[in-house]
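Okay, structure first, notes after.
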């Protein structure tokens, strides 16, 4: 209490520390849910924000008053952070998120880009990995942190993980002043957003980043173990801008033993323009199923973009096995160690931005934002 | 001299017997695998072989009471090429040799081992002996191989766990229920994980003989003689949800000739509630008698209907796959489509714990 009493001005509280302004977009998800008739549904508009304002861990009312802040500004206790919460008028269950919702978030970031030092997106966990990857590609020359987070339990429940996840997310701009990436903060860890998959429905540790270690562990003393993976590739080449997604016809072709021919054909047939082939092990498909390779090759001829990723959580596709080598010949592009969500968002991005089929294939294999590991010949 | 256990090892193919050729891995020549195993002293004791006056095709571990015969498949299969007819081949081989052996080991490629493991689990009825699947991440011909230890651990299961009457997977010093595993790592020796049921046993220097079955054993009690079911090529699609999934894909996945659909949904089994085209397509297909089973994209966890979007399913008749893995649900669908006598029985069988493949909610 004592230092708070002494804290009568900004300068005194944070000598030589710049105040950071963060915009928090509440898109929906479990954090904002309440139980109703045995089922979870979004809370009423404004309820979430009101609840946060009452929580002394999340908002310092005294400093808010001292700093003469406006009604819609909040102050993170003990940090040089002032944040604004924008609740989306219709809160989305993350299962309902589509391309237009990715665009909405990207547009909101663009519109507020100059006025804030960082952005926090509250999102349901179910499709958070897809949105995280989509934003990663859509935000070009990003110079500020964009942090996605959510929770496994609603903020209205006492055992909630929402409070700590949101606080950790808000603090990213302060803790990692040079971070200019789209990241995910969850359960005291920070990941590159394009690398995560939801692996657990029940644990507080909902996400894992199978092919790239966490960017940082947010322990009592934050290990600033920020890994600048491929920063050279992610260098900014101009001003911040966003890419908007069109509704893309992208199918996921998940291989199974004895997969019906009809399914393979439907997955690559018009109007599909992109296909995520989810193959066995190191990227293998049956070598004795000419119908599959024929269907893929025929689709490649029609310039359908087919990207091969693995069913394995961890690992990469390669062509060391006979069955894998077939794919290169057919014109299927290696997705390296991309996750399914990252590959899906990247195909949507590439279909919208590349100027030729060749460029699409090249972009898919390139490390655009740290989403894949460039393969080295061993 | 104690009674020896005799184990039949079916070598179906996979990395385990591969050799590098022109920069690519391909199966070694016929017979090469068995000859190589015979030369490895941990895997075969020539001295004991002679002393016990074993036949030409029998191998014997240097310690313990296990002897085994390796039967190499005439055409070795890359596991990516495995199909339901190959599951049948293995089933027939087990049936044909059921009385002559105390246990069975299937050497299999890791890529689709989870699918075959689940398929065998459902198809072996009233199994009274262990069936152990294993494979390796590095071929046996390479010195850093994991094949030697995996095969030895697998062959010894019948001796170590005399009461085991399940289809299991032995890999990297661990034993799992076969219908519970997924290949989760391409590069590590720990290729498999069993996300929703703990390891049956850890095969440490002293093997802990404390098999954990989370399920009641009496569920799987044998109520008749051993028998097998064979698979036909069932028309089963995997419908993997994505944000903004094209309508055309949903429709194709449930259209004739598909009879079963594995819906791989978000989180706790959620689908978009604002995509009437999806729910309509699913409901129409169910009306035509298509069996639709819901499992999660999450490695760990189960589908449930605590969210608004999940509740819709109960209404239209999508069946909950509980915490089944994709391979287990796929094999179970294939099994149920052929063995359920009515649509209702199929739905019931899908939700029931038949062989330990799912956790009852």
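The backbone N, Cα and C atoms fix where each Cβ goes, and this holds for glycine too.
TrEMBL: automatically predicted annotations, no manual curation.
Same-site candidate for substrate binding, as annotated by TrEMBL with B:110, B:111, chosen from B:79, B:143: B:79. When other Cβ atoms within 10 Å of the Cβ of residue B:79 (substrate binding site) are tallied across all protein chains shown, the result is 28. Per-site Cβ counts within 10 Å over the recorded positions B:15, B:110, B:111 peak at B:111. In the domain 'Asparaginase/glutaminase C-terminal' (B:236-350), helix, strand and coil residues by DSSP number 51 helix, 23 strand, 41 coil. Residue B:110 (substrate binding site) sits 8 Å from residue B:15 (active site, O-isoaspartyl threonine intermediate), taking the C-alpha atoms as the reference points. Rounded to a whole value, the Cα-Cα separation of residue B:15 (active site, O-isoaspartyl threonine intermediate) and residue B:79 (substrate binding site) is 9 Å. Of all residue pairs in the substrate-binding list (B:79, B:110, B:111), the one with the greatest Cα separation is 7 Å apart.
DSSP classifies residue B:111 (substrate binding site) as coil under the three-state reduction.
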